[in-house]
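Student: A single structure is presented below for examination.
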Amino acid sequence: ACIPRGEICTDDCECCGCDNECYCPIGSSLGIFKCSCAHANKYFCNRKKEKCKKA
C-alpha cells in the first residue's frame with residue numbers, strides 16, 4: 001500500500017509502497033499523536049516489504 005506522506009497510518013506496510021515509513025511520534029501510544037507516513041528509504045522498505053508480504 002502507499003499512503004501519501006503525512007497521512008495517518010497504522011504500520012509501515014501501509015506506507016512502504018512508495019518508500020515511506022509509518023512514523024509514530026513519542027506519545028502516540030497515549031493516543032495524543034497519530035502515526036503518519038514519513039520519508040524512509042528503499043533499503044528500509046525492502047526489508048519491511050518481506051515482512052509485509054507475509055502478513
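Along the chain as shown, residues are numbered 1 onward.
Cβ atoms are placed via backbone N, Cα and C, with glycine included.
Heads up, here are the entries from Swiss-Prot:
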DISULFID  Cys2-Cys16  disulfide bond
DISULFID  Cys9-Cys22  disulfide bond
DISULFID  Cys15-Cys37  disulfide bond
DISULFID  Cys24-Cys35  disulfide bond
DISULFID  Cys45-Cys52  disulfide bond
Student: Return only the integer: C-alpha distance in Å from Cys16 (disulfide bond) to Cys9 (disulfide bond).
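Tutor: Cα-Cα, rounded: 11 Å.
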Student: Please classify the secondary structure at Cys15 (disulfide bond) using three-state DSSP.
Tutor: coil
Student: Quick one, of the disulfide-bonded residues Cys15, Cys37, which Cβ has the fewest other Cβ within 10 Å?
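Tutor: Across Cys15, Cys37, these disulfide-bonded residues, the one with fewest Cβ atoms within 10 Å is Cys37.
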Student: Cys9, Cys24, Cys35, Cys45: which of these disulfide-bonded residues has the sparsest Cβ neighbourhood within 10 Å?
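Tutor: Least crowded of the disulfide-bonded residues Cys9, Cys24, Cys35, Cys45, by Cβ count within 10 Å, is Cys24.
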Student: Sort Cys45 (disulfide bond) into helix, strand or coil using the DSSP assignment.
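Tutor: Helix, per DSSP.
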Student: Just to be sure I understand: of Cys35, Cys45, Cys52, which disulfide-bonded residues have a C-alpha no more than 10 angstroms from the C-alpha of Cys9 (disulfide bond)?
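Tutor: So the list reads Cys35.
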Student: So how many other Cβ atoms are close to Cys22 (disulfide bond), meaning within 10 Å of its Cβ?
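Tutor: There are 21 such Cβ atoms around Cys22 (disulfide bond).
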Student: State the count of C-beta atoms found within 10 angstroms of the C-beta of Cys16 (disulfide bond), not counting that atom itself.
Tutor: 26
Student: Under 8 Å between C-beta atoms and at least six apart in sequence, can you list the same-chain neighbours of Cys2 (disulfide bond), or say none if there are none?
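Tutor: Non-local contacts for Cys2 (disulfide bond): Glu14, Cys15, Cys16, Gly17, Cys18, Asn20.
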